[in-house]
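Input: a single structure, listed below in structure tokens.
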Amino acid sequence: MEGRNQSRVTEFILLGLSDEVGLQSLLFWLFLSMYLVTFTGNLLIILAILTDSRLHSPMYLFLAKLSFSDMCFTSTTVPKMLLNIQTQSNMITYEGCLSQMYFYMLFAELGNLLLTVMAYDRFVAICHPLHYMVIMNPKFCGILLLGSWVLSALPSLLHDLMILQLSFCTDLDILHFFCELKQVIQLACSDTFLNDLAMYLTSGLLGVVPLIGILSSYSRIVTSILRISSVKGKYKAFSTCGSHLSVVSLFYGTSLGVYLSSAASQNSRANVIASVMFTAVTPMLNPFIYGLRNRDIKQGLRKLFS
């Protein structure tokens, strides 16, 4: 293929979920509905936490941040896809592609780190209940949130800066509905060894280390719960982290599906379908999980509507 310098690249082509004209209208209304449900559900969770003084605790502070992250995460990809379907255009500008990649990685990793912070919060609440307010003080919670933002923003910025150093071929078709990092790197004509190395290192460190933290927290939580003598006490202790466990399982289940489908085939539609689950379905289900399984959130929502 004839290469050309990346400074001359002005746009990429997003091939989307399907090139069949008959499916475009169905996809538009399906994803518009999912996006509206996601945005509304997470916004209601945030408003319920802000307006109910009983929910002004570290646990629900982190949940509000997670809901905000989910709203932003979905907003990085779905609106652009809806616009492309509506305008019958698959183009995305070079600058738009870089911006989309940055914010997609930022909010994906932020959600991951917030789930880790929430697991630590549940560990302190169950294993060290008498010291909970001392350990999870406002200053420490602020440090945890700031650290999550920094650890999410820096690797995302690094990947974008490394993309700027690449030269791209004349084939600029992206077999996806958004600018996914690996897909963009595969279009480059120049050497991508450093890009691939950085991608796998950051994915490993920021994917595996938080998961180890979550598993470590819950192993100690389970050990602590088993020491409780009464069945009612065990149920009450476990119910405080049931919603979080469900969200963690959904998050890592779908993200693992994206990774495995991507590793199995570089040009597989299975990767796109798995990405839909991770990008659109998971953020939509999170508010329902917390809204239906958490009694305090349900009371906060009733208070909000009343």
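Note: Cβ is positioned from N, Cα and C throughout, glycine not excepted.
Record features (TrEMBL):
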DOMAIN    41-290  domain 'G-protein coupled receptors family 1 profile'
TRANSMEM  26-50  transmembrane segment
TRANSMEM  102-120  transmembrane segment
TRANSMEM  140-158  transmembrane segment
TRANSMEM  197-216  transmembrane segment
TRANSMEM  237-260  transmembrane segment
TRANSMEM  272-292  transmembrane segment
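With respect to Cβ pairs under 8 Å, the transmembrane segment (237-260) is most closely packed against 272-292, considering the stretches 102-120, 140-158, 272-292.
Tertiary neighbourhood of the transmembrane segment (140-158): same-chain residues 58, 61-62, 65, 101-103, 105-107, 109-110, 113-114, 117, 120, 198, 202, 206, selected by CB-CB distance under 8 Å and a gap of 6+ residues from either end.
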